[in-house]
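Peer 1: Once you've had a glance at the structure underneath, I'll fire off some questions.
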């Protein structure tokens, strides 16, 4: 039985620079990189050395403490460099790509008829395990767990985010096969949440429970959907997979090849050609957006949750967007005067921007203030559509009070769910970081 | 603007990290950020941020206080001058305003100088930036004092409020009691002769025989005739603490707070409801055969507009730090403030106004209210877990 969800609390940011819904083939990158820091808490253990020849789908490294989870090469080529940071921590595994991708052949497998064991093995040996994330904790899932359900969000609400319907509209067959495979991994249901646009393409997908979701951001966040449909209790595991990643998983069964394709929306006021680009995972961003000036912030992901990149770096593993916005390293005189600077969006009404709900804003990276003690109450609840007390949970995380965090619902949240809380926060707290640290503490203490 | 910026950057040179005045950086930063919103950019997490910051929020409250303050200055002069024979034909606006302003502006100056001095000292000592909370507190403290209070008493009250009421608990955001009310409570109990009675509420009342300066609540408590009409009470041409008298100006402030969402409409509304209900209960005493007294029989709607009740509810009860923090908690917290304030007012004529004690009492209980509201959320979560567990067991 499907359950439709209407979210009331939240905030849809209307920003300048949405991508045109037109798919452009980007020039192929010469180098690609898989970045172990994208897989939070997983420690990489390399299996190939610099100079090794690779096919797309060949293993690069595995997770040291969960060795079933393998991370494979998105393209064929030569392992060029293993870039390390402090304490020899691996930051980037860079691959110099061939002109054409040669795939390692895993062999076709009919997911519908195959054994659960075979399906699981296929997903993990091909490196598709990296696409399966778990809640609680928002990390790559441990294949030894049995999830109570699997959630896939095809709802787009994040500011300047790639339209999830657009991402999969030409990959429906692979998507269906991916769903069939994933359904074998859980005794529970596979929940697929759609918005009006993605429903056009995904309404006939079989083997899922379809939910129509309406409402402002963060309604598109899978965490919010889990919370509304089947909330996580202590000790339970729920798995989540991105929409495009489901199609990659499907392809491993349909074609036997690890086709690590990424559709990337180039957005933001500073982007020149705002389109969707067809690339491979880990592509060098310079081949997509070229080189941009110092005054532009390049973000892999959306403006609320993405990671900052510099020219010539590589696309994040899970990211479907490159957002380019102006840096805000400028002073503003008397910025504290209420009702001035109304061209900067504010959810509070100390700016007149609320009088123009349809205006599109060009945000910068300016913090618009300095960090302060938590004073204002009630603003966080307005943008978090969960039965969770955000400020109290944040304070519990800061204090490292495990019991309190558990009581207040730490298992149900992920940093991205708190992105809007961070955005509206008057005290300019780094809320997502606080929640991440809280979750990390839970992992080490409870697991 | 560029020129000022460059000058500032030059002045700030010796305050940078590793330079000799580094320790005093919070002080210079406070001045700098007053002129310019800094050029800091996001480093972690969300790359874009809302335009609001604590400075904006606090200045909005200050703006909301301005109508009541201006009226307070005028009324401070008017209450005195209109009783003098030479002003029998009416008091010119400017004369009254000038008289009041001369009394009140020094109080504000003292309050800001002393309070900000302590805040700056603590910021330097503790190595954090100066919080903006005192911008509001520093203005509120003189506004709730009697007009003739000596400046040194204002200064001492501020010291007590900031040190004991706020910094002792860890500074802005951590205090349990509203600092402005803490200052008033200190003055109230330390110098009762300057803070209550019949002669303190009108400027120079003690020195001039002809001037009477009893507040309405004072008259009611001592069984005297109330010489003011409801219209006077609403517009505020009555004796009282500096800015508490005009219901119209407080209403204007409330409107600013509610429209900007800086003040919680839940607290304001529920507090007025609570006060009205308590007033109604006392008003209905005669119908059950209890005679009551002048205070209990004072109409409930007038209870809302006399004394400091409205000012306290709008500007003190809504202080987000000392109030309840959950939405449901705010309803309970506000309601009880209104309810208790009128009760204290009526039952304890030694304190003719109950709102100060009502709010301070509820400040203490706000965390308890929040605890039970949040506990309900925790219980829901635990119940869900139990249900999930039994489902698993029955399935096995």
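Cβ from N, Cα, C; glycine included.
The transmembrane segment feature in TrEMBL is assigned to B:57-76, B:96-122, B:134-164, B:238-260, B:267-288, B:300-318, B:330-348, B:354-374. Among the features that TrEMBL reports, FMN phosphoryl threonine is placed at B:215.
Quick one: where do these features end up spatially?
Peer 2: Sequence-distant neighbours of the transmembrane segment (B:96-122) (same chain, 6+ residues past either end, Cβ-Cβ under 8 Å): 26-27, 30, 69-70, 72-78, 80-82, 130-131, 134, 137-139, 141-142, 145, 147-149, 151, 154-155, 158-159, 161-163, 167, 171, 203, 242.
Residues 58-59, 61-62, 65, 68-69, 72, 76, 100, 103-104, 106-108, 110-112, 114-116, 118-119, 172, 179-184, 186-187, 190-191, 194-195, 200-206, 241-244, 308, 311, 315-316, 356 of the same chain, all 6+ positions outside the transmembrane segment (B:134-164), place their C-beta atoms under 8 angstroms from a C-beta of that stretch.
Annotation note: residue B:215 (FMN phosphoryl threonine) sits in a coil segment as assigned by DSSP. Around the Cβ of residue B:215 (FMN phosphoryl threonine), the same chain contributes B:201, B:238, B:239, B:240, B:306, B:307, B:352, B:353, each under 8 angstroms and 6 or more positions distant in sequence.
Beyond the transmembrane segment (B:238-260), the same-chain residues lying 6 or more positions past its ends with a Cβ under 8 Å from any Cβ of the stretch are 60-61, 63-73, 75-76, 79, 104, 142-147, 201-202, 213-216, 228, 232, 268, 304-308, 310-312, 314-315, 318.
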Peer 1: If you count every Cβ pair below 8 Å, which range out of B:57-76, B:267-288, B:300-318, B:330-348 shares the most with the transmembrane segment (B:354-374)?
Peer 2: B:330-348
